[in-house]
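Lifted from Swiss-Prot, the feature list:
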ACT_SITE  Asp119  active site, proton donor
BINDING   Lys24, Asn25  phosphoenolpyruvate binding site
BINDING   Arg95, Asp314, Met336  UDP-N-acetyl-alpha-D-glucosamine binding site
Amino acid sequence: MAPIQYIVEGGHRLSGSIEPSGNKNSALPIIAAALLTEHPVTLENVPRIRDTETLVELIRSVGAAAEWTARNTLHIHAKSIRAADLDPELCVRIRASILLAGPLLARCGEVMLPPPGGDVIGRRRLDTHVLALEQLGAKVTATDRLEFRAPKLAGADVFLDEPSVTATENALVAAVAADGVTYLRNAASEPHVQDLANFLVALGAKIEGIGTNTMIIHGPATLGEATYRIQPDHIEVGSLIGLAAVTRSPLRIVRAGVEHLRSIRMGFERLGIVCRVEGDDLIVPSNQTLKIQDDFGGHVPKLEDQPWPAFPADLMSIAIVTATQCEGVILMFEKMFESRMFFVDKLIAMGARIVLCDPHRAIIAGPSRLRGAPMTSPDIRAGMAMLLAAVCAEGTSTINNADQIERGYERIEERLNALGAKIKRVPERKS
């Protein structure tokens, strides 16, 4: 497929209502976990994006039947699957290919995985996956690929050396099939981890402590069929809050999943953006003074990411762009990935006042008038942040490699245009 370019005419106010897509980071582990059961599974509210399409190709390659029965409904039947060398070209497209380790190990006793791909946002180690699965009885060999073998998985007291989301998900899925009780400690507790756990419960698994950092899994579970609806994407909701703020636009985000938005709302409140909750809808008013809230004692305020339930790393790029349109100075501290802030040079070229202190910290002084500019998206979240900057800038911007944005945001240009944005999606022009 030819690379995609967005041509964005900035300076237009938006208005209306928008519903967030299903959570990509829920959909990927849940699609993989559907391989655990021999019975049919129907998944609703699945975002139809490149990453989910690629994972569907991967599960088909090991023998699962998978069919899109509606725009966002996926039917999976893994009645008979086989251990197979996964296609390296598919695996390199998405980091989520590593999520197949747990379910294939459980069903087939072995799996061979080429190195996973995904965003280039810094060092993303696989050690936690390996250590967790080894504690459940797997033997892991690393050559030009990762080979996992486990004729039988056994419950264990597993302590993760870091609260990695995908390692938690792999260990959780494997533990459901393991013989005996597994204690999964220092586990990630993000909404998408909770979504996966609730899906496994819908299949018949017995899991205690969902939403906490210690889960207890009683295995092996007898799994059946299920129809399951994937929850709204809280990261997309945060992106839409930022979009409404930088364009000074009134926006209603419907069926937003507000129970998972408290830390996100608090983060934006530091930038002077207050949202109103009505039922499960989130309203971003347009008549707000975007002023960064000072810390007590006059210190420069700071917004930092941390593991859930704190402000999520996937929204730091959005928060940086939003801060360029707010009055005041703030320090942004990205703790998790050492390459995620490198896109700020594009914002500086557009007129933003940003000092990149080191790979993890940036100081933003606002407000700044942004001017349209050519950009290239390095990853999903920075690409979406660039799109926010382009929509609020004066003049026209181009965003090359917009395919990266579409890996995480479904039909985003179409949905934003319905609110009043002016975004053209065209094949990328070769220079």
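A Cβ is built for glycine as well, from the same backbone N, Cα and C atoms used for every other residue.
Features as recorded by Swiss-Prot, highlighted on the structure.
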residue : record                                        : DSSP class
Lys24   : phosphoenolpyruvate binding site              : helix
Arg95   : UDP-N-acetyl-alpha-D-glucosamine binding site : helix
Asp314  : UDP-N-acetyl-alpha-D-glucosamine binding site : helix
Met336  : UDP-N-acetyl-alpha-D-glucosamine binding site : coil
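Looking at Lys24, Arg95, the binding-site residues in this record, the fewest other C-beta atoms within 10 angstroms of the C-beta turn up around Arg95.
Residue pair Arg95 (UDP-N-acetyl-alpha-D-glucosamine binding site) / Lys24 (phosphoenolpyruvate binding site) shows a Cα separation of 12 Å.
In this structure, the C-alpha atom of Asp314 (UDP-N-acetyl-alpha-D-glucosamine binding site) lies 11 angstrom from that of Asn25 (phosphoenolpyruvate binding site). Under 8 Å, Cβ to Cβ, and six or more positions away along its own chain, Asn25 (phosphoenolpyruvate binding site) finds Val165, Glu190, His192, Asp233, Ile235. In the shown protein chains, 18 other C-beta atoms lie within 10 A of the C-beta of Met336 (UDP-N-acetyl-alpha-D-glucosamine binding site).
Note: the Cα of Lys24 (phosphoenolpyruvate binding site) and the Cα of Met336 (UDP-N-acetyl-alpha-D-glucosamine binding site) are spaced 20 Å from each other. There are 26 other CB atoms within 10 A of the CB of Asp314 (UDP-N-acetyl-alpha-D-glucosamine binding site), with all protein chains counted.
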